[in-house]
């Protein structure tokens, strides 16, 4: 039955019981404290009332004594004159009576206890009578009326006041003793309460200890012992704890963990055997891969050498194409310069033709002038012939002028013929020069096209050279990476051998667990030769220890 109670429920019950006990003990303590506080208030009130009333009674007695002394002095004074002593005694009586009245007012200001109401009323009545009598006595003595003073029945009032005061004191004392008795009873009752509560607490502690031992400690000890067996490798025993408490849940969790651990150990045993076989195959495959990688590295090295030769040839072709392009550019510049010179010659020939035409025009003018001169000379000769002897000399001059004009005309004709021939030749030369200029322009255009083609050839050769350089660099990189692959394959072979050894150790370690079923027998493991014993490849190129291109490749 107790195993079905959960630990949390038990703890809540124990805490609830303790809380209830604490509440009960607190209530009892509060009640006792309240009663004690009430008793203390009552006692303090009784003490204050008793003190004020006692002071009132003492001061009233002192007033009566002072009045009696004053009356005696007045009787002893034969002249019945008020002396200083009488006046002082009367003043003292008035003061003490006033003080008594003050204390009695304080007494009346405090509400009387229910047990003291009747006594307080009796005292109040007797006080008023006695106070009035003392006031009258003071007046009598003040006026020197000793007869009235001695005739007043003050002593009876004083005795009545004294009896009332004594009754009040007895009632107050009785009430105080009752309070002390009640406090003593409350103290003994509190002791019994504490004893009972302590006994109940001890019983509850015993019950709680039994429940905790039965529900928590004993199952926990079994679980710890079972966990220690599991830690020692014994997975064959089973853990059984009845109940639906937290310990039962913990036992089920430990059993579930044991079953899971048993399955894990079984799978690890099977997996370690498979890993052992797989690592042997991996080691053999890595050895074969290492050999083929070395062969690939050799082939890549030869390819790299061929690419270097091809790179040198392409670079030479590119240099030749670049030189041819430069020569074609120079020829293009020369042809362009020649074309400019021919253009100048054509321009000059046109200018010469224009000048020849102008000279021909001038010669035509000269020819016209010679013709006019010849006509004028002829007219002059005719006029000289008409003049006869007087005009003979003038006729001779006219004849000479005519000869000169004829000769000038003949010379002008010859010069004109020569100039026309020269102009004709200049026109022919201009046509030829223009044809030569067009030919030079065609040559310049052809040379320019040749220059462009040679430039494109040179650029293409440069691109080919750079491409071949990149290919050669890639081949070299492939060669280097292949060398690295060879090293990595060797390391992988060594790692496979180490993994094989670790698998063997794992199998031996797992065999330490004892299962409920028939234990697995450890088959002998023959470790393969580690890859580190393989002859290392001799790299022909420098192999970098760390290279990010390995993943890219």
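Just so you know, the numbers here start at 1 and follow the chain as drawn.
Note: Cβ is positioned from N, Cα and C throughout, glycine not excepted.
Record features (Swiss-Prot):
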DOMAIN    214-266  domain 'HAMP'
DOMAIN    271-500  domain 'Methyl-accepting transducer'
REGION    517-553  region 'Disordered'
TOPO_DOM  1-6  topological domain 'Cytoplasmic'
TOPO_DOM  34-190  topological domain 'Periplasmic'
TOPO_DOM  212-553  topological domain 'Cytoplasmic'
TRANSMEM  7-33  transmembrane segment
TRANSMEM  191-211  transmembrane segment
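Here the transmembrane segment (7-33) has Cβ contacts under 8 Å with residues 186, 189-190, 193-194, 197, 200-201, 204, 208, 211-212, 215-216, 245-247 of the same chain, all six or more residues outside its ends. Mapped onto DSSP helix, strand and coil, the domain 'HAMP' (214-266) counts 39 helix, 1 strand, 13 coil. Note on the topological domain 'Cytoplasmic' (1-6): mean pLDDT across this stretch is 60.
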